[in-house]
Amino acid sequence: MPDPAKSAPAPKKGSKKAVTKAQKKDGKKRKRSRKESYSVYVYKVLKQVHPDTGISSKAMGIMNSFVNDIFERIAGEASRLAHYNKRSTITSREIQTAVRLLLPGELAKHAVSEGTKAVTKYTSSK
C-alpha cells in the first residue's frame, strides 16, 4: 500500500503563485493585501529604451528598491530645505535643489532637465 504522504506531489521549491483570495473560518473570502511597486513603470521605461530586452524578477526587485531609496533621499532633502527656509510646502524648486545636491554632475543636469520637461508637460495638460 503506497504511503499517502508520498503519493501527493510535493510543491515546487520557490513557486510563488499568490492566491488572490484566502478562505476565512466563517466562509467569507478575504482579498489579499496589495504590494505596491514601481515594476510597471520600470518595465515601460525599459521597453522605451531597449524594446527587445527583458528583466528578471530579481533585477526588478533591485530596481524597485533603488527607486524607493532615491525617492526617500530626495523627499528627505526637499523636506530639510523647506524647513531651513521656514516653508511648509515642498515645491518643484525644493525637489530640483534636492536633486542637484544628491546626484553627481551630469546626472543631476539630466535629471533636472527631465523633471522640468515633465512638470511643463503636466501643467500644459491641465
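Positions of Cβ are set from backbone N, Cα and C atoms, glycine also.
What Swiss-Prot records for 1-12 is compositional bias 'Low complexity'.
Residues or ranges marked as SUMO2 cross-link in Swiss-Prot: K6 (among others).
For K21 (among others), the entry in Swiss-Prot reads SUMO2 cross-link, with the evidence type similarity to another entry.
Every protein chain shown contributes to the tally, and the Cβ of K35 (ubiquitin cross-link) ends up with 8 other Cβ atoms within 10 Å. Annotation source Swiss-Prot lists ubiquitin cross-link at K35 (among others), citing experimental evidence.
Under the heading ubiquitin cross-link, Swiss-Prot lists K121 (among others), citing experimental evidence as support. The Cβ of K121 (ubiquitin cross-link) lies under 8 Å from the Cβ of no residue that sits 6+ residues away along the same chain.
According to its DSSP assignment, S113 (O-linked glycosylation site) is helical. Contacts of S113 (O-linked glycosylation site) defined by a Cβ separation under 8 A and a same-chain sequence distance of 6+ are given as none. Here Swiss-Prot flags S113 as O-linked glycosylation site.
Residues annotated as N6-butyryllysine in Swiss-Prot, with experimental evidence given as evidence: K6 (among others).
The N6-acetyllysine annotation in Swiss-Prot covers K16 (among others).
Annotated N6-crotonyllysine per Swiss-Prot: K17 (among others), in sequence order, evidence recorded as experimental evidence.
The N6-acetyllysine annotation in Swiss-Prot covers K17 (among others).
The N6-lactoyllysine annotation in Swiss-Prot covers K17 (among others).
What Swiss-Prot records for K21 (among others) is N6-crotonyllysine.
The N6-lactoyllysine annotation in Swiss-Prot covers K24 (among others), and the record cites experimental evidence as its basis.
In three-state terms derived from DSSP, K44 (N6-glutaryllysine) belongs to a helical segment. K44 (N6-glutaryllysine) counts 10 other C-beta atoms within 10 Å of its own C-beta, drawing on all protein chains shown. Per Swiss-Prot, N6-glutaryllysine is recorded for K44 (among others), and the stated evidence type is experimental evidence.
Here Swiss-Prot flags K86 (among others) as N6-acetyllysine. Around K86 (N6-acetyllysine), no same-chain residue at least 6 positions away in sequence has a Cβ under 8 Å from its Cβ.
Positions annotated as N6-glutaryllysine by Swiss-Prot: K109 (among others). Listed in sequence order, the residues of the same chain lying 6 or more apart from K109 (N6-glutaryllysine) and placing their CB within less than 8 Å of its CB: none are present.
Across the structure, K44 (N6-glutaryllysine) and K35 (ubiquitin cross-link) place their CA atoms 19 angstrom apart. Shown in sequence order, Q96 are the residues of the chain, 6+ apart in sequence, with a C-beta less than 8 angstroms from the C-beta of T116 (phosphothreonine).
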